[in-house]
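To start, the structure itself, in structure tokens.
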Amino acid sequence: MVATPDTTADVLTIAGRSFRSRLMTGTGKYRSFEQMRASIAASGCEIVTVAVRRVQTNAPGHEGLAEALDWQKIWMLPNTAGCATAEEAIRVARLGREMAKLLGQEDNNFVKLEVIPDSRYLLPDPIGTLQAAEQLVKEGFAVLPYINADPLLAKRLEEVGCATVMPLGSPIGSGQGIRNEANIRIIVENAKVPVVVDAGIGTASEAAQAMELGADALLINTAIAQAEDPARMAQAMAMATIAGRLAFQAGRIPTRSAAIASSPQTGLVGQSPATV
């Protein structure tokens, strides 16, 4: 039997609120609400992101989404997906805060900030993101900005008061894994707020890799929702997140160019007494 590590003391804290799970999930791209609920339960996550515009407009696949989950047990992370400008993102963030309040989370000021004018690669706009973040912080939001893995932008967003930074591993939904490891390492090294790797993770080994880099948490949606068995993939991602976190805390051995024997090299069969 494999021993299950006790991770209860290792909490993730964002804007003064603590969470036991370091895996966040989404609500999009599932084949049914039943699959979504089963996957969220299997993941053990406590934060679930919701696209405000799609819920507000009852976009296909999002009808009744706000009522499909028990928001007494899950912390809502409204997101500004679909916003191409800072102005749009600010308006949608305000709607998201009201939506959270209507669903019983009166003190929820969280927003996942996405400003994405690029419809092909879905890469975030750094200038628009910074502009929107500055305004939303002034309005009392806990801003979790989705960004390219740009260490200077990450630091600037931290300086204006963002609650986290969320660098992408690779483009949204691409399943390409972690394509910017060096920059994520720099962001982790410099950040004084949680670093959440968001987008591009396709399977559990990539989730573990992101956590081994020192990320504080992950946000994974497509890899779970579009898996052949979403609930099983959600469980795999949860376990990988924990494994990667433990490995980072444990500290990996240094990489070397030559082998180092794990057993003593003295007293080998065939050695003369003089060399033993």
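Keep in mind that glycine also has a Cβ here, set from the backbone N, Cα and C atoms.
As annotated by Swiss-Prot, active site, schiff-base intermediate with DXP applies to LYS112. The 10 Å shell around the Cβ of LYS112 (active site, schiff-base intermediate with DXP) contains 27 further Cβ atoms across the protein chains shown.
Sequence annotations record features per position, and here Swiss-Prot assigns 1-deoxy-D-xylulose 5-phosphate binding site to GLY173, ALA199, GLY200, ASN221, THR222 based on sequence analysis. According to DSSP, ASN221 (1-deoxy-D-xylulose 5-phosphate binding site) sits in a coil region rather than a helix or strand.
Across the structure, ASN221 (1-deoxy-D-xylulose 5-phosphate binding site) and LYS112 (active site, schiff-base intermediate with DXP) are spaced 14 Å apart at their Cα atoms. Other than the site residues GLY173, ALA199, GLY200, ASN221, THR222, same-chain residues with C-beta atoms no more than 8 angstroms from the centre of those residues' C-beta atoms, the 1-deoxy-D-xylulose 5-phosphate site, are PRO171, ILE172, SER174, GLY175, ASP198, ILE201, ILE220, ALA223. For ASN221 (1-deoxy-D-xylulose 5-phosphate binding site), the Cβ neighbour count at a 10 Å cut-off comes to 22, with all displayed protein chains included. Maximum intra-site Cα distance, 1-deoxy-D-xylulose 5-phosphate binding residues GLY173, ALA199, GLY200, ASN221, THR222: 9 Å. A distance of 17 Å separates the Cα atom of LYS112 (active site, schiff-base intermediate with DXP) from that of GLY173 (1-deoxy-D-xylulose 5-phosphate binding site). Each of the binding-site residues GLY173, GLY200 was scored by how many other Cβ atoms lie within 10 Å of its Cβ, and the smallest score goes to GLY173.
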